[in-house]
Amino acid sequence: MFGRKYPAKESDSPASVDEDDLPTANTYVPSPAVGEPITTSYDSDLHVPCPAHTTERRLVSRIDVHVVPFLVVLYLLAFLDRVNVANARAFGLEADLHMAPNSVEYNTALTIFFVPYIVLEIPSNILLKRFSPRVWLSVCCLGFGLVSVCQGLVQSYAGLLATRFFLGVFECGMFPGCFYLLGMWYRRSEAQKRFSLFFSSTSLAGAFGGLLASAIGNLDHVRGYRGWRWIFILEGVLTFCVGLVFLFTFPSFPEQATWLSEDERAYVRARLEADQGRNAAERKITLADVKTVMSDVKVWLGGLMYFGLIVPAYSYAYFAPTIIGVYGYSPIQTQLRSVPPWAAAFGLAMLVAVASDWARHRFLFAILPICISIAGFAILFNVHNHVDVEYAALFLIAAGTYSAMPVIVCWFNMNLGGHHRRAIGTAWQIGFGNIGGIIATYSFISTDAPLFKKGYSICVSFICLSAASCCLYALAIARENRRRTKAVQDVGLTEYEKTELGDLNPEFRYML
(Lines of atoms letter the chains of each structure in order from A and count residues from 1; the text may use other names and numbers.)
(Lines give C-alpha, C1' and ligand atoms only; values in the text may rest on other atoms or scores of the structure.)
Protein backbone atom coordinates (compact mmCIF):
# COMPACT_ATOMS: atom_id res chain seq x y z
CA MET A 1 0.00 0.00 0.00
CA PHE A 2 1.00 3.58 -0.50
CA GLY A 3 1.56 5.57 2.66
CA ARG A 4 0.03 4.33 5.86
CA LYS A 5 -2.85 1.93 6.30
CA TYR A 6 -5.43 2.80 8.95
CA PRO A 7 -7.92 0.56 10.71
CA ALA A 8 -11.62 1.29 10.53
CA LYS A 9 -13.00 3.29 13.44
CA GLU A 10 -15.72 1.89 15.66
CA SER A 11 -17.03 5.29 16.64
CA ASP A 12 -18.26 8.08 14.41
CA SER A 13 -17.31 10.72 16.94
CA PRO A 14 -14.46 13.07 16.07
CA ALA A 15 -13.20 12.60 19.59
CA SER A 16 -12.54 8.93 18.85
CA VAL A 17 -9.82 9.82 16.35
CA ASP A 18 -6.44 9.85 18.06
CA GLU A 19 -3.80 12.30 16.98
CA ASP A 20 -1.58 9.42 15.83
CA ASP A 21 -4.36 8.18 13.55
CA LEU A 22 -4.70 11.36 11.53
CA PRO A 23 -3.93 11.04 7.79
CA THR A 24 -0.29 11.27 6.83
CA ALA A 25 1.20 13.95 4.62
CA ASN A 26 0.90 11.56 1.71
CA THR A 27 -2.89 11.32 2.07
CA TYR A 28 -4.92 14.07 0.50
CA VAL A 29 -8.01 14.92 2.57
CA PRO A 30 -10.72 16.92 0.77
CA SER A 31 -12.16 20.01 2.34
CA PRO A 32 -15.91 20.01 3.00
CA ALA A 33 -18.11 21.90 0.58
CA VAL A 34 -19.41 25.30 1.61
CA GLY A 35 -22.18 24.83 4.14
CA GLU A 36 -21.42 21.11 4.43
CA PRO A 37 -20.90 19.70 7.94
CA ILE A 38 -17.52 18.12 8.55
CA THR A 39 -17.90 14.39 8.09
CA THR A 40 -16.90 11.82 10.68
CA SER A 41 -17.41 8.83 8.38
CA TYR A 42 -14.17 7.22 7.28
CA ASP A 43 -13.14 4.98 4.42
CA SER A 44 -13.05 1.36 5.59
CA ASP A 45 -9.28 0.94 5.86
CA LEU A 46 -7.55 4.01 4.42
CA HIS A 47 -8.94 6.51 6.94
CA VAL A 48 -10.06 8.91 4.21
CA PRO A 49 -13.05 11.06 5.32
CA CYS A 50 -16.18 10.47 3.23
CA PRO A 51 -18.71 13.24 2.40
CA ALA A 52 -21.48 13.34 5.01
CA HIS A 53 -24.32 12.87 2.53
CA THR A 54 -23.07 9.50 1.24
CA THR A 55 -20.99 6.44 2.15
CA GLU A 56 -18.05 4.69 0.56
CA ARG A 57 -20.17 1.70 -0.46
CA ARG A 58 -22.88 3.89 -1.98
CA LEU A 59 -20.37 5.98 -3.91
CA VAL A 60 -18.49 2.95 -5.27
CA SER A 61 -21.83 1.52 -6.39
CA ARG A 62 -22.54 4.74 -8.27
CA ILE A 63 -19.13 4.53 -9.91
CA ASP A 64 -19.90 0.94 -10.94
CA VAL A 65 -23.13 2.03 -12.60
CA HIS A 66 -21.60 5.02 -14.40
CA VAL A 67 -18.34 3.38 -15.55
CA VAL A 68 -18.32 -0.42 -15.81
CA PRO A 69 -21.37 -1.06 -18.08
CA PHE A 70 -20.07 1.38 -20.70
CA LEU A 71 -16.66 -0.29 -20.79
CA VAL A 72 -18.17 -3.77 -20.94
CA VAL A 73 -20.43 -2.87 -23.87
CA LEU A 74 -17.64 -1.03 -25.70
CA TYR A 75 -15.15 -3.87 -25.50
CA LEU A 76 -17.81 -6.49 -26.19
CA LEU A 77 -18.53 -4.73 -29.49
CA ALA A 78 -14.84 -4.25 -30.26
CA PHE A 79 -14.00 -7.91 -29.66
CA LEU A 80 -17.10 -9.02 -31.55
CA ASP A 81 -16.11 -6.97 -34.61
CA ARG A 82 -12.57 -8.30 -34.34
CA VAL A 83 -13.26 -12.04 -34.19
CA ASN A 84 -16.52 -12.32 -36.17
CA VAL A 85 -14.33 -13.10 -39.17
CA ALA A 86 -14.05 -16.61 -37.67
CA ASN A 87 -17.84 -16.95 -37.79
CA ALA A 88 -17.93 -15.47 -41.31
CA ARG A 89 -15.41 -18.05 -42.47
CA ALA A 90 -17.88 -20.83 -41.70
CA PHE A 91 -20.44 -19.20 -44.02
CA GLY A 92 -18.37 -19.09 -47.19
CA LEU A 93 -16.14 -16.00 -46.90
CA GLU A 94 -13.09 -17.72 -48.41
CA ALA A 95 -14.93 -19.11 -51.41
CA ASP A 96 -16.72 -15.84 -52.23
CA LEU A 97 -13.49 -13.82 -52.12
CA HIS A 98 -11.68 -16.47 -54.21
CA MET A 99 -9.10 -17.20 -51.53
CA ALA A 100 -6.87 -20.14 -52.42
CA PRO A 101 -7.85 -23.36 -50.61
CA ASN A 102 -5.37 -24.80 -48.10
CA SER A 103 -3.40 -21.53 -48.16
CA VAL A 104 -2.50 -19.06 -45.41
CA GLU A 105 -4.45 -16.20 -46.96
CA TYR A 106 -7.05 -16.34 -44.18
CA ASN A 107 -4.27 -16.31 -41.58
CA THR A 108 -2.70 -13.29 -43.29
CA ALA A 109 -6.02 -11.44 -43.13
CA LEU A 110 -6.03 -12.07 -39.38
CA THR A 111 -2.42 -10.99 -39.00
CA ILE A 112 -2.67 -7.63 -40.76
CA PHE A 113 -5.10 -6.46 -38.07
CA PHE A 114 -2.31 -6.61 -35.47
CA VAL A 115 0.19 -4.40 -37.31
CA PRO A 116 -1.46 -1.04 -36.48
CA TYR A 117 -3.01 -2.52 -33.34
CA ILE A 118 0.42 -3.07 -31.80
CA VAL A 119 2.21 0.03 -33.10
CA LEU A 120 -0.46 2.59 -32.18
CA GLU A 121 -1.42 1.53 -28.65
CA ILE A 122 0.92 3.84 -26.71
CA PRO A 123 0.09 6.87 -28.94
CA SER A 124 -3.59 6.02 -28.49
CA ASN A 125 -3.35 6.12 -24.68
CA ILE A 126 -1.54 9.47 -24.88
CA LEU A 127 -4.30 10.85 -27.11
CA LEU A 128 -6.94 9.40 -24.77
CA LYS A 129 -5.54 11.45 -21.92
CA ARG A 130 -5.37 14.54 -24.14
CA PHE A 131 -8.93 14.37 -25.54
CA SER A 132 -10.64 12.49 -22.63
CA PRO A 133 -11.93 8.90 -22.78
CA ARG A 134 -15.44 10.02 -23.73
CA VAL A 135 -14.30 11.67 -26.95
CA TRP A 136 -11.42 9.42 -27.96
CA LEU A 137 -12.94 6.00 -27.26
CA SER A 138 -16.31 6.99 -28.73
CA VAL A 139 -14.68 8.19 -31.96
CA CYS A 140 -12.74 4.92 -32.15
CA CYS A 141 -16.01 3.01 -31.65
CA LEU A 142 -17.62 4.89 -34.53
CA GLY A 143 -14.58 4.16 -36.68
CA PHE A 144 -14.39 0.41 -36.19
CA GLY A 145 -18.17 0.09 -36.55
CA LEU A 146 -17.99 1.78 -39.95
CA VAL A 147 -15.02 -0.34 -41.01
CA SER A 148 -16.88 -3.51 -39.99
CA VAL A 149 -19.75 -2.55 -42.30
CA CYS A 150 -17.23 -2.01 -45.12
CA GLN A 151 -15.78 -5.44 -44.37
CA GLY A 152 -19.15 -6.93 -45.32
CA LEU A 153 -19.14 -5.08 -48.65
CA VAL A 154 -15.66 -6.03 -49.94
CA GLN A 155 -15.46 -7.82 -53.28
CA SER A 156 -11.90 -9.15 -53.17
CA TYR A 157 -9.21 -10.52 -50.89
CA ALA A 158 -7.32 -7.22 -51.18
CA GLY A 159 -10.39 -5.38 -49.91
CA LEU A 160 -10.56 -7.72 -46.92
CA LEU A 161 -6.91 -7.01 -46.10
CA ALA A 162 -7.49 -3.23 -46.29
CA THR A 163 -10.53 -3.32 -43.99
CA ARG A 164 -8.78 -5.58 -41.48
CA PHE A 165 -5.87 -3.12 -41.36
CA PHE A 166 -8.12 -0.14 -40.61
CA LEU A 167 -10.06 -2.21 -38.08
CA GLY A 168 -6.76 -2.51 -36.20
CA VAL A 169 -6.20 1.26 -36.47
CA PHE A 170 -9.51 2.08 -34.78
CA GLU A 171 -9.51 -0.75 -32.26
CA CYS A 172 -5.96 -0.23 -30.98
CA GLY A 173 -7.09 2.10 -28.18
CA MET A 174 -9.99 0.04 -26.86
CA PHE A 175 -8.31 -2.46 -24.57
CA PRO A 176 -5.47 -0.43 -23.00
CA GLY A 177 -7.66 2.66 -22.86
CA CYS A 178 -10.46 0.92 -20.99
CA PHE A 179 -8.07 -0.74 -18.54
CA TYR A 180 -6.32 2.61 -18.02
CA LEU A 181 -9.66 4.29 -17.29
CA LEU A 182 -10.74 1.56 -14.87
CA GLY A 183 -7.47 1.88 -12.98
CA MET A 184 -8.15 5.58 -12.42
CA TRP A 185 -11.43 4.88 -10.59
CA TYR A 186 -10.80 1.96 -8.25
CA ARG A 187 -8.47 0.99 -5.43
CA ARG A 188 -6.26 -2.02 -5.95
CA SER A 189 -8.11 -4.24 -3.46
CA GLU A 190 -11.45 -3.71 -5.24
CA ALA A 191 -10.28 -3.57 -8.85
CA GLN A 192 -10.08 -7.23 -9.85
CA LYS A 193 -13.85 -7.85 -9.97
CA ARG A 194 -14.29 -4.82 -12.23
CA PHE A 195 -11.30 -5.71 -14.42
CA SER A 196 -12.53 -9.29 -14.83
CA LEU A 197 -16.09 -8.21 -15.57
CA PHE A 198 -14.76 -5.86 -18.24
CA PHE A 199 -12.32 -8.41 -19.63
CA SER A 200 -14.98 -11.11 -19.60
CA SER A 201 -16.87 -9.10 -22.18
CA THR A 202 -14.55 -11.01 -24.55
CA SER A 203 -16.19 -14.22 -23.34
CA LEU A 204 -19.62 -12.66 -23.69
CA ALA A 205 -18.66 -11.48 -27.18
CA GLY A 206 -17.55 -14.98 -28.11
CA ALA A 207 -20.79 -16.50 -26.85
CA PHE A 208 -22.96 -13.73 -28.26
CA GLY A 209 -21.07 -13.86 -31.56
CA GLY A 210 -21.73 -17.57 -31.96
CA LEU A 211 -25.45 -17.16 -31.26
CA LEU A 212 -25.72 -14.10 -33.47
CA ALA A 213 -23.82 -15.74 -36.31
CA SER A 214 -26.07 -18.81 -36.19
CA ALA A 215 -29.12 -16.52 -36.48
CA ILE A 216 -27.67 -14.17 -39.11
CA GLY A 217 -26.51 -17.17 -41.12
CA ASN A 218 -30.16 -17.81 -41.93
CA LEU A 219 -30.12 -14.56 -43.96
CA ASP A 220 -27.93 -16.26 -46.55
CA HIS A 221 -28.75 -14.89 -50.04
CA VAL A 222 -31.26 -12.36 -48.67
CA ARG A 223 -31.14 -9.28 -50.99
CA GLY A 224 -28.33 -11.00 -52.85
CA TYR A 225 -25.91 -11.01 -49.90
CA ARG A 226 -24.33 -14.14 -48.46
CA GLY A 227 -24.67 -14.84 -44.73
CA TRP A 228 -21.08 -13.86 -43.92
CA ARG A 229 -21.67 -10.37 -45.36
CA TRP A 230 -24.73 -9.89 -43.15
CA ILE A 231 -22.63 -10.84 -40.09
CA PHE A 232 -20.22 -7.96 -40.75
CA ILE A 233 -22.88 -5.45 -41.85
CA LEU A 234 -25.40 -5.93 -39.05
CA GLU A 235 -22.80 -6.13 -36.27
CA GLY A 236 -21.04 -3.06 -37.70
CA VAL A 237 -24.26 -1.04 -37.82
CA LEU A 238 -24.96 -1.97 -34.19
CA THR A 239 -21.48 -0.81 -33.15
CA PHE A 240 -21.78 2.49 -35.04
CA CYS A 241 -25.14 3.31 -33.42
CA VAL A 242 -23.77 2.56 -29.94
CA GLY A 243 -20.76 4.80 -30.70
CA LEU A 244 -23.10 7.71 -31.45
CA VAL A 245 -24.74 7.28 -28.04
CA PHE A 246 -21.36 6.94 -26.28
CA LEU A 247 -20.20 10.23 -27.77
CA PHE A 248 -22.54 11.96 -25.32
CA THR A 249 -22.69 9.50 -22.43
CA PHE A 250 -19.33 7.69 -22.10
CA PRO A 251 -17.48 8.17 -18.76
CA SER A 252 -14.18 10.04 -18.34
CA PHE A 253 -11.63 10.37 -15.55
CA PRO A 254 -12.79 11.21 -11.99
CA GLU A 255 -11.56 14.79 -12.41
CA GLN A 256 -14.00 15.22 -15.33
CA ALA A 257 -17.05 13.40 -13.89
CA THR A 258 -19.98 15.83 -13.98
CA TRP A 259 -22.26 13.31 -12.23
CA LEU A 260 -20.18 13.67 -9.04
CA SER A 261 -20.32 16.71 -6.78
CA GLU A 262 -17.11 18.57 -5.99
CA ASP A 263 -16.70 16.97 -2.56
CA GLU A 264 -17.38 13.51 -4.06
CA ARG A 265 -14.71 14.06 -6.73
CA ALA A 266 -12.31 15.16 -4.00
CA TYR A 267 -13.11 12.04 -1.99
CA VAL A 268 -12.59 9.73 -4.98
CA ARG A 269 -9.21 11.36 -5.61
CA ALA A 270 -8.30 11.15 -1.93
CA ARG A 271 -9.04 7.45 -1.52
CA LEU A 272 -7.04 6.60 -4.65
CA GLU A 273 -4.13 8.78 -3.51
CA ALA A 274 -4.12 7.06 -0.12
CA ASP A 275 -4.02 3.69 -1.88
CA GLN A 276 -1.71 4.43 -4.83
CA GLY A 277 -0.25 7.92 -4.41
CA ARG A 278 -0.98 11.13 -6.32
CA ASN A 279 -1.67 10.49 -10.01
CA ALA A 280 -0.59 13.79 -11.64
CA ALA A 281 -3.71 13.89 -13.80
CA GLU A 282 -3.00 17.47 -14.79
CA ARG A 283 0.44 16.66 -16.17
CA LYS A 284 1.21 15.90 -19.84
CA ILE A 285 3.00 12.70 -20.78
CA THR A 286 6.45 13.25 -22.31
CA LEU A 287 8.96 11.17 -24.23
CA ALA A 288 11.14 11.15 -21.10
CA ASP A 289 8.29 9.43 -19.25
CA VAL A 290 8.22 6.70 -21.89
CA LYS A 291 11.98 6.18 -21.53
CA THR A 292 11.77 6.02 -17.73
CA VAL A 293 8.91 3.53 -17.71
CA MET A 294 10.54 1.29 -20.29
CA SER A 295 13.79 1.14 -18.30
CA ASP A 296 12.00 -0.78 -15.53
CA VAL A 297 12.49 -4.56 -15.78
CA LYS A 298 9.12 -5.15 -14.08
CA VAL A 299 7.42 -3.45 -17.03
CA TRP A 300 9.05 -5.89 -19.43
CA LEU A 301 7.95 -8.83 -17.29
CA GLY A 302 4.41 -7.43 -17.34
CA GLY A 303 4.52 -7.48 -21.13
CA LEU A 304 5.79 -11.07 -21.21
CA MET A 305 3.07 -12.26 -18.81
CA TYR A 306 0.40 -11.00 -21.17
CA PHE A 307 2.28 -11.94 -24.35
CA GLY A 308 2.37 -15.59 -23.30
CA LEU A 309 -1.39 -15.80 -22.85
CA ILE A 310 -2.35 -13.85 -25.96
CA VAL A 311 -1.25 -16.73 -28.21
CA PRO A 312 -3.69 -19.31 -26.77
CA ALA A 313 -6.38 -16.65 -26.25
CA TYR A 314 -6.44 -15.50 -29.88
CA SER A 315 -5.87 -19.03 -31.13
CA TYR A 316 -9.07 -20.03 -29.39
CA ALA A 317 -11.01 -16.92 -30.42
CA TYR A 318 -10.08 -17.19 -34.09
CA PHE A 319 -10.00 -20.96 -34.54
CA ALA A 320 -12.53 -22.47 -32.11
CA PRO A 321 -15.18 -22.67 -34.89
CA THR A 322 -12.57 -24.30 -37.14
CA ILE A 323 -11.61 -26.84 -34.45
CA ILE A 324 -15.24 -27.62 -33.63
CA GLY A 325 -15.99 -27.87 -37.36
CA VAL A 326 -13.60 -30.81 -37.80
CA TYR A 327 -15.80 -32.79 -35.40
CA GLY A 328 -18.33 -33.04 -38.23
CA TYR A 329 -20.94 -30.45 -37.27
CA SER A 330 -22.87 -28.25 -39.72
CA PRO A 331 -22.04 -24.50 -39.88
CA ILE A 332 -25.05 -23.62 -37.70
CA GLN A 333 -24.28 -26.37 -35.15
CA THR A 334 -20.63 -25.27 -35.11
CA GLN A 335 -21.64 -21.73 -34.14
CA LEU A 336 -24.02 -22.94 -31.44
CA ARG A 337 -21.47 -25.33 -29.93
CA SER A 338 -18.91 -22.51 -29.72
CA VAL A 339 -21.13 -20.74 -27.15
CA PRO A 340 -20.93 -22.96 -23.99
CA PRO A 341 -17.10 -22.79 -23.56
CA TRP A 342 -17.31 -18.98 -23.65
CA ALA A 343 -20.04 -19.07 -20.99
CA ALA A 344 -17.83 -21.30 -18.81
CA ALA A 345 -14.95 -18.83 -19.27
CA PHE A 346 -17.13 -15.97 -18.04
CA GLY A 347 -18.28 -17.91 -14.97
CA LEU A 348 -14.80 -19.01 -13.88
CA ALA A 349 -13.30 -15.56 -14.53
CA MET A 350 -15.80 -13.92 -12.18
CA LEU A 351 -15.28 -16.57 -9.48
CA VAL A 352 -11.51 -16.08 -9.68
CA ALA A 353 -11.93 -12.29 -9.55
CA VAL A 354 -14.12 -12.34 -6.44
CA ALA A 355 -11.74 -14.71 -4.67
CA SER A 356 -8.71 -12.65 -5.70
CA ASP A 357 -10.19 -9.40 -4.37
CA TRP A 358 -11.26 -11.14 -1.16
CA ALA A 359 -7.74 -12.51 -0.62
CA ARG A 360 -6.10 -9.26 -1.86
CA HIS A 361 -3.72 -11.45 -3.80
CA ARG A 362 -3.08 -11.91 -7.52
CA PHE A 363 -0.18 -14.29 -8.17
CA LEU A 364 -1.82 -17.62 -7.27
CA PHE A 365 -5.05 -16.58 -8.97
CA ALA A 366 -3.10 -16.14 -12.20
CA ILE A 367 -1.14 -19.41 -11.95
CA LEU A 368 -4.05 -21.73 -11.14
CA PRO A 369 -6.16 -20.83 -14.23
CA ILE A 370 -3.01 -21.15 -16.35
CA CYS A 371 -2.69 -24.75 -15.15
CA ILE A 372 -6.33 -25.40 -16.14
CA SER A 373 -5.61 -24.12 -19.65
CA ILE A 374 -2.51 -26.31 -19.97
CA ALA A 375 -4.60 -29.34 -18.99
CA GLY A 376 -7.08 -28.54 -21.77
CA PHE A 377 -4.39 -28.33 -24.44
CA ALA A 378 -2.77 -31.53 -23.13
CA ILE A 379 -6.07 -33.38 -23.68
CA LEU A 380 -6.43 -32.08 -27.25
CA PHE A 381 -2.83 -32.98 -27.99
CA ASN A 382 -3.28 -36.60 -26.89
CA VAL A 383 -6.95 -37.49 -27.44
CA HIS A 384 -8.10 -37.82 -31.06
CA ASN A 385 -11.00 -40.28 -31.16
CA HIS A 386 -13.39 -39.11 -28.43
CA VAL A 387 -15.33 -36.06 -29.62
CA ASP A 388 -17.01 -35.46 -26.24
CA VAL A 389 -13.67 -35.43 -24.42
CA GLU A 390 -12.11 -33.15 -27.03
CA TYR A 391 -15.07 -30.78 -26.81
CA ALA A 392 -14.81 -30.77 -23.00
CA ALA A 393 -11.14 -29.79 -23.33
CA LEU A 394 -12.23 -26.59 -25.09
CA PHE A 395 -14.03 -25.61 -21.87
CA LEU A 396 -10.78 -25.94 -19.91
CA ILE A 397 -8.84 -23.92 -22.48
CA ALA A 398 -11.34 -21.08 -22.70
CA ALA A 399 -12.06 -20.93 -18.96
CA GLY A 400 -8.41 -21.15 -17.89
CA THR A 401 -6.99 -18.70 -20.41
CA TYR A 402 -9.70 -16.08 -20.12
CA SER A 403 -9.67 -16.25 -16.30
CA ALA A 404 -5.91 -15.75 -16.00
CA MET A 405 -5.66 -12.85 -18.46
CA PRO A 406 -7.71 -10.27 -16.50
CA VAL A 407 -5.83 -11.12 -13.32
CA ILE A 408 -2.50 -10.56 -15.03
CA VAL A 409 -3.56 -7.26 -16.57
CA CYS A 410 -5.15 -5.95 -13.36
CA TRP A 411 -2.17 -7.08 -11.27
CA PHE A 412 0.32 -5.26 -13.46
CA ASN A 413 -1.85 -2.21 -14.17
CA MET A 414 -2.73 -1.49 -10.55
CA ASN A 415 0.91 -1.84 -9.49
CA LEU A 416 1.75 1.17 -11.68
CA GLY A 417 1.46 4.51 -9.88
CA GLY A 418 0.43 7.78 -11.50
CA HIS A 419 -1.33 8.71 -14.74
CA HIS A 420 1.86 8.84 -16.80
CA ARG A 421 3.35 5.50 -15.67
CA ARG A 422 0.00 3.73 -15.89
CA ALA A 423 -0.88 5.13 -19.32
CA ILE A 424 2.47 4.10 -20.78
CA GLY A 425 2.82 0.80 -18.91
CA THR A 426 -0.68 -0.42 -19.71
CA ALA A 427 -0.36 0.45 -23.40
CA TRP A 428 3.04 -1.26 -23.49
CA GLN A 429 1.74 -4.46 -21.89
CA ILE A 430 -1.23 -4.69 -24.24
CA GLY A 431 0.73 -3.55 -27.30
CA PHE A 432 3.69 -5.85 -26.78
CA GLY A 433 1.42 -8.70 -25.71
CA ASN A 434 -0.58 -8.48 -28.90
CA ILE A 435 2.48 -9.44 -30.91
CA GLY A 436 1.33 -12.86 -29.75
CA GLY A 437 -1.77 -12.31 -31.86
CA ILE A 438 0.38 -12.48 -34.98
CA ILE A 439 1.84 -15.79 -33.81
CA ALA A 440 -1.65 -17.09 -33.03
CA THR A 441 -2.96 -16.34 -36.51
CA TYR A 442 -0.37 -18.68 -38.06
CA SER A 443 -0.54 -21.38 -35.36
CA PHE A 444 -3.56 -23.17 -36.83
CA ILE A 445 -3.40 -23.63 -40.59
CA SER A 446 -5.62 -25.73 -42.82
CA THR A 447 -2.96 -28.29 -43.69
CA ASP A 448 -2.63 -29.26 -39.99
CA ALA A 449 -6.29 -30.28 -39.71
CA PRO A 450 -7.80 -32.23 -38.06
CA LEU A 451 -5.21 -32.83 -35.33
CA PHE A 452 -3.64 -29.32 -35.17
CA LYS A 453 -0.74 -30.68 -33.09
CA LYS A 454 1.56 -27.83 -34.13
CA GLY A 455 -0.96 -25.25 -32.93
CA TYR A 456 -1.52 -26.96 -29.59
CA SER A 457 2.24 -27.25 -29.01
CA ILE A 458 2.75 -23.55 -29.73
CA CYS A 459 -0.04 -22.57 -27.34
CA VAL A 460 1.30 -24.68 -24.46
CA SER A 461 4.81 -23.28 -24.96
CA PHE A 462 3.62 -19.70 -24.69
CA ILE A 463 1.41 -20.45 -21.68
CA CYS A 464 4.51 -21.78 -19.93
CA LEU A 465 6.33 -18.55 -20.85
CA SER A 466 3.51 -16.58 -19.21
CA ALA A 467 3.66 -18.72 -16.06
CA ALA A 468 7.44 -18.27 -15.80
CA SER A 469 7.09 -14.49 -16.28
CA CYS A 470 4.42 -14.36 -13.55
CA CYS A 471 6.81 -16.12 -11.16
CA LEU A 472 9.66 -13.72 -11.99
CA TYR A 473 7.37 -10.68 -11.63
CA ALA A 474 6.13 -11.92 -8.25
CA LEU A 475 9.71 -12.43 -7.07
CA ALA A 476 10.72 -8.97 -8.33
CA ILE A 477 7.95 -7.07 -6.54
CA ALA A 478 8.25 -9.14 -3.35
CA ARG A 479 11.97 -8.41 -3.27
CA GLU A 480 11.36 -4.71 -3.92
CA ASN A 481 8.76 -4.53 -1.13
CA ARG A 482 11.23 -6.10 1.33
CA ARG A 483 13.97 -3.72 0.25
CA ARG A 484 11.75 -0.67 0.74
CA THR A 485 10.58 -1.90 4.15
CA LYS A 486 14.18 -2.23 5.35
CA ALA A 487 15.27 1.09 3.84
CA VAL A 488 15.07 4.51 5.49
CA GLN A 489 11.40 5.49 5.56
CA ASP A 490 11.74 9.25 5.21
CA VAL A 491 14.18 10.18 2.45
CA GLY A 492 13.06 13.81 2.26
CA LEU A 493 11.08 13.61 -0.97
CA THR A 494 8.67 16.44 -1.74
CA GLU A 495 5.07 15.69 -2.75
CA TYR A 496 5.94 16.65 -6.32
CA GLU A 497 8.86 14.18 -6.38
CA LYS A 498 6.64 11.41 -5.00
CA THR A 499 4.08 12.14 -7.70
CA GLU A 500 6.73 11.98 -10.41
CA LEU A 501 8.08 8.67 -9.11
CA GLY A 502 4.66 6.97 -9.03
CA ASP A 503 5.18 3.35 -7.98
CA LEU A 504 8.94 3.99 -7.78
CA ASN A 505 8.24 6.08 -4.68
CA PRO A 506 9.98 4.34 -1.70
CA GLU A 507 6.70 4.53 0.25
CA PHE A 508 4.73 2.61 -2.43
CA ARG A 509 4.09 -1.10 -1.80
CA TYR A 510 3.32 -3.50 -4.65
CA MET A 511 0.42 -5.96 -4.37
CA LEU A 512 1.50 -9.55 -4.70
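Glycine residues also receive a Cβ, built from the backbone N, Cα and C atoms like all the rest.
TrEMBL annotations:
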REGION    1-35  region 'Disordered'
TRANSMEM  67-86  transmembrane segment
DOMAIN    67-486  domain 'Major facilitator superfamily (MFS) profile'
TRANSMEM  106-128  transmembrane segment
TRANSMEM  135-154  transmembrane segment
TRANSMEM  160-183  transmembrane segment
TRANSMEM  195-216  transmembrane segment
TRANSMEM  228-250  transmembrane segment
TRANSMEM  299-319  transmembrane segment
TRANSMEM  339-356  transmembrane segment
TRANSMEM  363-381  transmembrane segment
TRANSMEM  393-412  transmembrane segment
TRANSMEM  424-443  transmembrane segment
TRANSMEM  455-476  transmembrane segment
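Long-range Cβ contacts of the transmembrane segment (455-476) within its own chain (Cβ-Cβ under 8 Å, at least 6 residues beyond either end) map to 297-298, 301-302, 304-312, 315, 319, 363, 366-367, 370, 373-374, 377-378, 380-381, 401, 404, 408, 412, 436, 439, 443-445, 448, 512. Remark: the transmembrane segment (67-86) makes no contact with the transmembrane segment (424-443), by the rule of 3 or more CB pairs under 8 A. Using the rule of three or more Cβ pairs under 8 Å, pairs at least 6 apart in sequence, the transmembrane segment (424-443) is not in contact with the transmembrane segment (228-250). Across the candidate stretches 106-128, 339-356, 393-412, the maximum count of CB pairs under 8 A to the transmembrane segment (299-319) is reached by 393-412. If you look at the transmembrane segment (393-412) against the transmembrane segment (135-154), you find fewer than three C-beta pairs under 8 angstroms, all six or more positions apart, and that falls short of contact.
Against the transmembrane segment (160-183), the recorded stretches 106-128, 195-216, 228-250, 339-356, 363-381 differ in Cβ pairs under 8 Å, and the greatest number is found for 106-128. Distant neighbours of the transmembrane segment (106-128): 82, 85, 89, 94, 99, 136-137, 140, 157, 160-161, 164-169, 171-173, 176-177, 180-181, 285, 290, 318, 423-424, 426-428, 430-432, 434-435, 437-438, 441-442, 445-446; these residues of the same chain sit at least 6 beyond its ends, with a Cβ under 8 Å from one of its Cβ atoms. Stretch with the most C-beta contacts under 8 angstroms to the transmembrane segment (363-381), considering only 135-154, 195-216, 228-250, 339-356: 339-356. Long-range contacts of the transmembrane segment (135-154) within its own chain (CB-CB distance under 8 A, at least 6 residues past either end) are made by residues 74, 77-78, 81, 84-85, 97, 124, 127-128, 160, 162-164, 166-167, 169-174, 177-178, 225, 228-233, 235-244, 246-247, 250.
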